[in-house]
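Per TrEMBL, the feature domain 'ABC transporter' maps to 180-418. Among the features that TrEMBL reports, transmembrane segment is placed at 84-104, 540-561, 589-609, 641-660, 666-687, 694-713, 769-791.
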Amino acid sequence: MPPQFCPATPECQATRYSKGKCPPQGIYEPVVCDAGYYCPPGGKRKLECEKGTYCPMGSHQPWKCDFGAICPPKSQRQVVTVPFGFLIAFDLMLGIIVVIGYAVSAWRKRRKTAYSPIANLKEGADELADDVELISRPKRSVTTVLENEVDEDLSSNPDFKIFMRFIGKLIKTKEVGLSFEFDDLQFEPKPGKKILRNVSGAIDSGSMWAIMGGSGAGKSTFVNVLMGKTKNTGGSIKVNGHPKDMSKYKKLIGYVPQDDIVLPELTVRENILHSARVRLPMTWKDRDIQAFVDSVISCIGLSHVQHSLVGDANKPVISGGQRKRVSIGMELTAAPMAIFLDEPTSGLDATSASSIMRLLRAITKLGVTTITIIHQPREQIFHGFDNLLLLGNGSEIYAGPTVYASAYFASLGFTLPTRANPADTIMDIITGNGREYTTDPSWTERPVDRLIEEWRTRSKLNPFDDDDMSLAPTATLGSTFESSPSLRPALSRPVSIISSPEQEHSLLQTMKKRGASWPAQMYYCFKRSITQQVRNKGSFFFEIGVGALAGGIIGLSAFAAKGQLFRGLYLKPFTTLSSAVDYQSVSQIGLLGGMAIGLAASAPAVKVFGEEKLIFNREVSSGHSSSAYYMGKMLSVLPRICLSSLHFSVFMGILATPLMSFNQMFAANLLYFYSVYGLASCIGMIVKREDGPLLAVMASLIIGVLGGVAPPLSKVKQWNLEGLWRMSPGVWFTEAYVSQNLLPLDYLYMLEVASAQTGFKFGQYNVDMWILLAIGSIYRVFAFVLLVTMARVR
Ligand SMILES: Nc1ncnc2c1ncn2[C@@H]1O[C@H](COP(=O)(O)OP(=O)(O)OP(=O)(O)O)[C@@H](O)[C@H]1O
Ligand SMILES: [Mg+2]
């Protein structure tokens, strides 16, 4: 027999519809058991909820509290404390780790480096001894170079000797080296905008070239085209006599960019060490790598600052010139066979500039091809280059031995003052300001174009066989050049050596051996990124704090509801007792939670992923695996995501006391954090760095709004747009929240009605979680694709 009841009075109904309470209106009218009590089946008794249990409204038996939860007698909710305790313990541990970290790094700095090159080098000496010379141009072994061809002050530096031995071993003189030949090179990014035109020439392996020209003359562009970073729109490039795609050789090429692209959060040593670890042959032991890095750091004169952070323009720690040297060191440790340097000496004092150039000269002697863009070299440095390529308006003005440059310009009618630095004079001439050096009035009109024209006609003949030229070097340069006739043919236009299949094979083998394995690269990137985060602990703790605060505030907003976050239509026979429904509270918590996570996570996420596009480009173009880099970076933020969502969940859980279990709530929050990080990394890839955080926050708000709360998903279904909403992680997140908070109440309320009204499907928590994981991962894949394509475009 269903319970009998008398219809409630209109006043009583009004009270109920406004969520108030109205006593039974007749003796047969049933009541829903009050919160804090339970009413066993039979319906005759109403018992107080005991300590250790809790009783939401309408309970017919007490619910057992979780271990450690606060549940005094007559509780209608449980305050779960274990996660909170866990959190406190965890944070304490984190604090201890930070302190220990400080101590360890302080200790490391004090410790003197104890790496010494080991057996490897000795056995290397034997290897060098029985070198077979495969190419016509003899290359010198380390020993000869060290003994005969290096300046006093360098050869007396023991680290320099170690450095040279390592390099010698790495590039093995028996291999062919890299020579380049380029013919009629053009670069025209937009029709009509020619940046490079008709640049032809050959760069022999083991030669040292300087590229000079006015600002905007196309020097950087030329180097980028030659290295294969920028695709030439016309002409051809040959490597060792064979037309080859230069990007294939990226592991053997070092490139020091014009701007210092180094990681500011790492120390000098860490920056260089990373490059060494990733690019040196994978068979090398860490000890050897460390010893080699030591020698490089010493050779570039940074030993005293090796443990200082690099810093950037905003927060400089080491000086600009030192940062430049870090950038050079990063390439030297890779022991490239050809090294391109874009203004390596700008920002360096004259002495350090000379010492860097001497170092480059020394490795050139071992067979490394060196191509340096240089501004204002001092005379001594200028003469250190074997060859000179002068550019003006993207065209060649001179290419050939440095010793002949003055003679060449003399043959054009310029008189180079003997007391001035020839480099400065030449720069004046090729930038069109050479009037004062000539009496020929015809040089006043369009001088640069005329210089280009002159070179074009003269270079077709052999310019260095010219009669005026034969006398010139002795006349202008005196002692720097011995005019012995036997040298003449060697100095005529260099012809690049065509490598034999055997040599190509050997080169290929070298390339194969170079570079750490994929997992190792990933691990180094992961470790490096963790270091960066540790150095930026401020923002790390800030992010966690914001997560905790956001969770706390949302929890607080639901605190007064005492865990009763839902009110639906009662099941029969209580249906007529139903008061006004509340389908909103839970979904709103979902919405707010989603938004809060979006706000807390997107800005830091953009920072982690988006700020290193330049570094990424630099590393990838030197042979670093892009997927290993990205994977390492991505894994390194997982601890951060876990910590943030843990703090968020604990504070929200303890205040809002939802019916959903803590673990499920944590999992949902974690996966939503994961999705937001993924989304923010996509944004970080597309937009400019300074717009990143703002747009990422915007995007996270959008996916939050597409969460199916307002407008409700049921409405969206009527518009036939559910598919669109379901693409947003917000829907799955809110669905998990709504579903898991309502399902425990299925003994009391008509949940199908709630499901139809809200539009969410109940009971598919696992599906919701998997889809969140999938969406977050898709975002990441997408971000990776963006990263790689954007790098290509640039
Ligand atoms: N991809 C490109 N699209 C359009 N213009 C370009 C591109 N690359 C370079 N330029 C232009 O080509 C010219 C030469 O640039 P480049 O960077 O090669 O000069 P530079 O000789 O290295 O000068 P600086 O000494 O100042 O570094 C500049 O005017 C530059 O704006
Ligand atoms: Mg440049």
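Backbone N, Cα and C atoms are what each Cβ position is placed from, and that goes for glycine too.
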Check: When you check the transmembrane segment (641-660) against the transmembrane segment (540-561), do you get at least 3 Cβ pairs under 8 Å, counting only pairs 6 or more apart in sequence?
Finding: yes
Checklist line | Segment proximity, the transmembrane segment (540-561) to the transmembrane segment (666-687), 3 or more C-beta pairs under 8 Å | finding: no
Item checked: Surrounding residues of the transmembrane segment (769-791) on its own chain - C-beta under 8 Å, 6+ positions past either end -> 609, 613, 616-617, 620, 626-627, 630, 634, 667-668, 671-672, 674-675, 677-679, 681-682, 684-686, 727, 729, 732-733, 736
Next item on the list: Could you tell me the mean pLDDT over the domain 'ABC transporter' (180-418), as a whole number?
Entry: 88
